[in-house]
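Database features (TrEMBL):
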ACT_SITE  Cys75  active site, proton donor
ACT_SITE  Cys75  active site
ACT_SITE  Cys227  active site, proton acceptor
BINDING   Asn13, Gln46, Asn66, Gly76, Asn77, Asn167, Asn200, Glu218, Arg219, Gly228, Thr229  substrate binding site
Amino acid sequence: MKLRFTKMQGAGNDFVVLDATQQPMPLTTDQLRRVADRRFGVGCDQILVIEAPSSPDVDFGYRIFNSDGSEVEQCGNGARCFVRFVVDKGLTSKRTIRVQTVNALLELRLREDGRVTVDMGAPIFDLPRIPFDPRGTEPKAEHGFQCWPLDLGDGMTADVAVLSMGNPHAVQRVDDVDQAPVGLVGPLVETHEAFPRRVNAGFLQVLSRNEVKLRVFERGAGETLACGTGACAAVVAGIRLGWLDEAVEVHTRGGDLRIEWAGMTPGGPGLDAPVYMTGPAQTVFEGEIEL
Ligand SMILES: N[C@@H](CCC[C@H](N)C(=O)O)C(=O)O
C-alpha cells in the first residue's frame, strides 16, 4: 500500500499528517510504528489522522498516535499543525475550526501572523479522571494545590503536580532544566504504577512569573523538542502552585509557546477556565511511503 503524507512540525515536535477525509485509513500498530520510525520510515513523534466530521457540530475528526503506535487523546502542537494542514490543502475556508478528538471538542484559530491559537479546554484535576492513583501517599500542599512524592526506586524521588489536559501529565519543578536527568527520570515517571495509563513527564524551570523553560519526556514517544499539552499542564500547575501569572512564555528546545490560563485570576471564570495555547505550525515536506 502506498501512503501519501505531509511532514509537519510545531516548535520542533514533528508529525506525519495523513488525510483520511475521503476514505478511512485504518493502519495497524506495526504500520504506525514503521511510519514513525526515523530509520525505516518517515520519522516523527506523532502521526495525525484527519478524518471527516462525525457530527454537524464539528468540521473534522482528528486522531493521534504516538510513535510507539498507541492512540492518544490529545496533542497540542499537533492541533496547530492540523489547522495549517486543512487550510493549506483547501479542505476548509474557515479560519476558526472545530475538531473532535477521541475525548474532546477543540476550537482552533489561524491568526493573521500564521501562528495558531488553540482553545485546549479546561484542565482536569480530578485524580481518577487523570488517571492517577496515589496509592496511599500523602500529598504536599502549596497554595491549596498538591505535589505528590513519587518513589522512583534506587533512592530517587520526584515531587509531581498531576493533571490532565485531555491526556495525563506529571510536572516537576527543577532548578536547571538543561542539567535535569530527563532521560533517566522521564521513563521512571512515565511508567510509574500510580499512572495506570502511563503519563507525560514534564520538567519545569521557572525563570520569572511570566517565563519558563520546559522539557517533556512524552508517553509513547520519549523526549520531544516540545510538547503543547505539556506546556499547558506545566503552566497550569505553576499557576496553581503560586509560581506563575496568567500569561506565560514557555521556552522549549524547539521553539516558544505562549500559554494563557485565567483559572486562578481573582474575579475570573475559576478552575474551569479554558487554557489557550499559541505557537507556530509549519509544513516541512510531502511524500509517499510504501507500507
Ligand atoms: N506532543 C504532544 C502530545 C502527544 C501525546 C502524548 N505523547 C501522550 O501520550 O499523551 C503535544 O504537543 O501535546
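Counting begins at 1 with the first residue displayed.
Just so it is clear, glycine is given a Cβ too, placed from its N, Cα and C backbone atoms.
All features noted in TrEMBL, drawn onto the structure.
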residue : record                    : Cβ contacts under 8 Å, 6 or more apart
Asn13   : substrate binding site    : Asp45, Gln46, Asn77, Gly78, Thr224, Leu225, Ala226, Cys227, Gly228, Gly254
Asn66   : substrate binding site    : Ala36, Asp45, Gln46, Val72, Glu218, Arg219, Gly220, Ala221
Cys75   : active site, proton donor : Gln46, Leu48, Ile64, Asn167, Gly228, Thr229
Asn200  : substrate binding site    : Asn167, Pro168, His169, Ala170, Glu190, Val216, Phe217, Glu218, Arg219, Cys227, Thr229, Gly230, Ala233
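All protein chains included, Asn77 (substrate binding site) registers 36 other Cβ atoms within 10 Å of its own Cβ. Largest Cα to Cα distance within the recorded substrate binders Asn13, Gln46, Asn66, Gly76, Asn77, Asn167, Asn200, Glu218, Arg219, Gly228, Thr229: about 16 Å as a whole number.
Cβ contacts within 10 Å of Thr229 (substrate binding site), excluding its own Cβ and spanning all protein chains shown: 30. According to DSSP, Arg219 (substrate binding site) sits in a coil region rather than a helix or strand. Remark: of the recorded positions Arg219, Cys227, the most isolated position is Arg219 (fewest other Cβ atoms within 10 Å of its Cβ). In the three-state DSSP classification, Cys227 (active site, proton acceptor) falls within coil. Within 8 Å of the Cβ centroid of the substrate site, not counting the listed residues Asn13, Gln46, Asn66, Gly76, Asn77, Asn167, Asn200, Glu218, Arg219, Gly228, Thr229, the chain contributes Asp45, Ile64, Val72, Gln74, Cys75, Gly78, Val216, Ala221, Thr224, Cys227, Gly230. The DSSP secondary structure for Asn200 (substrate binding site) is strand. DSSP assigns Asn77 (substrate binding site) to a helical segment in the three-state reduction.
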